[in-house]
Amino acid sequence: MHFRLFPKSKMSGGWFGRLLHQIGRERVKLTGLSVFYKAGDNGHKLTNMSKSMEPSGNTEDERCLIGVFGDSNINSPDSTESTVVNRCKGRTHYFVYVLAFFSALGGFLFGYDTGVVSGAMLLLKKEMNLSALWQESLVSSTVGAAALSALAGGYLNGLYGRRVCILLASFIFSVGGLVLSVGPNKEVLLLGRLTVGLGIGIASMTVPVYIAEVSPPHLRGQLVTLNTLFITGGQFIASVVDGAFSYLHHDGWRYMLGLSVLPAVLQFVGFLFLPESPRWLLQKGQDQKARQVLSQIRGTTHVDEEYDAIKTTIEEEMASTGGGPVLCRILSSPPARRALIVGCGLQMIQQLSGINTVMYYSATILQMAGVRDDKMAIWLAAGTAGTNFLFTLVGMWLVERVGRRKLTLGSIVGTALSLAVLAIGFLLSAQTSPPVTLHPVGPVLNSSCTQYRFCEPCMLDPDCGFCYGENGTSLFETSCVPVNQANPEEAAMGRCSNASQQQNSGIFWAYNYCPTRYSWIVLFGLILYLAFFAPGMGPMPWTINSEIYPLWARSTGNACSAGVNWTCNVLVSLTFLHVAEYLTYYGAFFLYSGLALLGLVFILCCLPETKGLRLEDIEGLFATQLCTCGDAGPSHRHYIRVNGGNLNSENDEDSDDESP
Ligand SMILES: O[C@H]1[C@H](O)[C@@H](O)[C@H](O)[C@@H](O)[C@H]1O
């Protein structure tokens with residue numbers, strides 16, 4: 001809840017106001033950042049204010065009220081509850097939704113381009129005869145390029161602004177999509193995938209920042225989460241497109257990869273007409289333009305208070321932060337450093353809790369559950385992506401209701417538990433792993449595969465697969481044989497060496513799974529995982545990162561945390577199969593579950609609540625040490641902004657107590 005304690009005229013006039021103002025300034029000098037006033041839970045500091053002004057419940061209007069109190073003048077005649085709420089509603093001008101939609105197309109492209117490649121690869125590898133190395137390069141080049149360009153995006157954002165970066169990203173997406181759709185050979189395709197990766201990196205760090213900077217406080221969480229909704233939506237549409245074009249054996253992949261040009265061009269054209277972030281404009285001294293844009297976005301010319309608050313913060317920041325590279329300044333400023341630790345930590349936890357292996361592995365999990373038809377598996381994988389999308393929608397609904405902290409905490413607890421369920425499913429499957437009953441001999445079979453006595457170690461060896469006959473629920477004539485390196489869907493020789501014949505003969509080839517009666521536990525774990533991960537751990541790291549840095553550190557902070565996200569993404573996806581080889585699948589999922597539990601401790605200790613606060617006010621949440629274990633619960637704190645400086649009652653108990 002925000003209140004301006006005194007109108008500006010009083011602040012500059014009375015001795016008490018001058019004193020407060022001075023204390024605020026001193027604090028700014030001391031901490032390098034604004035300091036906050038924290039009112040008691042019962043609001044006793046606010047006794048001279050109308051009780052009706054204190055939001056007590058959880059309705060839409062009250063949440064809105066909290067956001068707008070931040071810049072309302074309680075002594076002004078128009079500060080009654082209804083006026084403020086109306087103002088709040090009036091401020092949610094439709095234009096901000098237009099901005100959020102066009103920006104979030106960047107998220108859609110991020111999701112589409114990372115999601116579409118698996119389906120495209122099924123066709124590509126046959127048509128271009130791709131080796132395993134080429135397949136891996138085409139998939140991971142994009143994620144690697146995204147990691148690098150996310151880091152570079154911080155510099156570009158600071159220098160050229162959010163709008164130019166979004167235009168650049170959509171231009172790069174369009175070029176990349178075109179190259180991919182006409183690529184005559186694998187080298188050109190690699191170039192296309194790298195290009196698309198550059199676009200993804202820039203978009204992934206810029207879009208959340210832009211949306212956060214143009215949104216009013218009461219809608220910011222929802223609108224930034226819209227970006228992750230578009231990411232998961234992009235992944236879902238990509239899997240549907242994969243399914244639809246998988247029937248087109250010749251050139252189907254060109255449509256899959258090339259279709260991304262459409263949203264990219266739409267975003268590029270849209271952003272030619274959309275404005276720059278008013279906060280960035282103010283930072284660059286383009287005051288007139290900033291005011292004009294702010295009015296345009298809010299749909300009113302009454303933007304003085306918001307404009308003043310942003311400007312004051314920027315002036316304070318300029319006075320209190322020194323020169324030198326921004327990253328060095330972040331590292332030497334304790335509050336900004338703490339924000340960076342929280343931001344990067346969240347992104348790391350998101351990836352280390354295994355979302356992309358679960359998504360990537362979903363097709364195999366479904367095969368384990370008895371789905372053997374390839375086409376069916378593709379459509380069911382689309383179902384997994386759809387579930388991820390639907391539960392992100394739940395997150396968007398919850399974010400302004402329960403707040404970021406509770407949502408993230410609930411999500412990580414559920415994520416850790418469902419990873420444990422997945423692990424238990426794999427453990428039971430491993431313990432009841434079917435034995436190998438046939439041990440064929442021959443020159444090609446002179447490999448390590450023939451030594452395995454059970455399916456489990458056979459399946460974990462990347463060179464081998466399990467060939468078996470099935471009669472109802474019982475297995476017969478089971479063998480462990482080498483895989484056809486050019487096509488893992490069949491064995492190098494013997495009964496399972498012809499993929500098309502297998503289906504009708506009752507003989508099955510399991511390359512990366514073992515037939516098991518416990519597949520339902522794994523399937524249940526997968527759905528549970530998505531239901532818990534998608535509303536919180538999926539979107540919150542992006543949303544929270546867009547809010548926690550002061551303006552001077554926002555581009556660099558987001559670039560670093562997005563870089564951490566992409567680097568951990570590459571790390572987890574590249575190591576998953578090796579981890580599974582050494583620890584087995586259940587070991588790998590127990591490991592991810594353990595990492596998620598560590599993440600829970602980190603979040604519990606370090607993540608403050610940012611719901612409803614203005615961006616300019618959030619930096620104060622990091623003014624004190626991290627790991628205070630939610631000290632007094634951030635949700636109970638009320639911050640009061642005093643003439644651009646923010647006072648914290650914890651250290652200032654008697655300075656401005658307004659109670660009689
Ligand atoms: O927030 C997103 C989302 O959860 C996606 O499904 C996932 O693939 C990304 O890696 C993640 O950053």
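Cβ atoms are placed via backbone N, Cα and C, with glycine included.
Here TrEMBL flags 94-112 (among others) as transmembrane segment.
As annotated by TrEMBL, domain 'Major facilitator superfamily (MFS) profile' applies to 99-611.
Sequence annotations record features per position, and here TrEMBL assigns transmembrane segment to 132-152 (among others).
Look at TrEMBL and you will find 164-182 (among others) tagged as transmembrane segment.
Taken from TrEMBL, the feature transmembrane segment covers 188-211 (among others). Beyond the ends of the transmembrane segment (188-211), by six or more residues, the same chain brings 99-100, 103-104, 106-107, 109-110, 113-114, 117, 124, 128, 137-139, 141-154, 156-157, 162-163, 165-166, 168-170, 172-173, 175-177, 179-180, 220, 223-224, 226-227, 257, 260, 264, 277, 542-543, 545-546, 554-555, 558-559, 561-562, 565-566 to within a C-beta distance below 8 angstroms of the stretch.
Under the heading transmembrane segment, TrEMBL lists 223-241 (among others).
Here TrEMBL flags 253-274 (among others) as transmembrane segment.
Long-range neighbours of the transmembrane segment (376-399) within the same chain, counting only residues 6 or more positions beyond its ends whose Cβ lies under 8 Å from a Cβ of the stretch, are 115, 118-119, 122, 221-222, 225-226, 228-229, 231-233, 235-236, 238-240, 242-243, 246, 359, 362-363, 366-367, 407, 411, 526-527, 530-531, 533-536, 538-540, 543, 611. Sequence annotations record features per position, and here TrEMBL assigns transmembrane segment to 376-399 (among others).
Remote same-chain residues near the transmembrane segment (411-430) are listed as 349, 353-354, 358, 368, 395, 456, 514, 516, 518-526, 528-529, 531-533, 535-538, 540, 584-590, 592-593, 596-597, 599-600, 603 (criterion: CB distance under 8 Å, separation of at least six residues from the stretch ends). Per TrEMBL, the feature transmembrane segment maps to 411-430 (among others).
If you look at the transmembrane segment (518-538), the same-chain residues 6 or more away from its ends with a CB under 8 A from one of its CBs are 228, 232, 349-350, 353, 355, 358, 362, 365-366, 368-370, 384, 387-392, 394-395, 398, 407-415, 417-419, 421-426, 428-429, 432. The feature transmembrane segment is assigned by TrEMBL to 518-538 (among others).
Annotation source TrEMBL lists transmembrane segment at 585-607 (among others).
Same-chain neighbours of the transmembrane segment (253-274): 98-99, 102, 105-106, 108-109, 112-113, 116-117, 119-121, 123-124, 127, 163, 166-167, 170-171, 173-174, 176-178, 180-182, 192, 196, 199, 238, 241-242, 245, counting only residues six or more beyond its ends whose CB sits under 8 Å from a CB of the stretch. Residues 338, 341-342, 345-346, 349, 352-354, 357, 404-405, 408-409, 412-413, 415-417, 419-420, 422-427, 430, 460, 544, 576, 579, 626-630 of the same chain sit 6 or more residues outside the transmembrane segment (585-607) yet have a Cβ under 8 Å from a Cβ within it.
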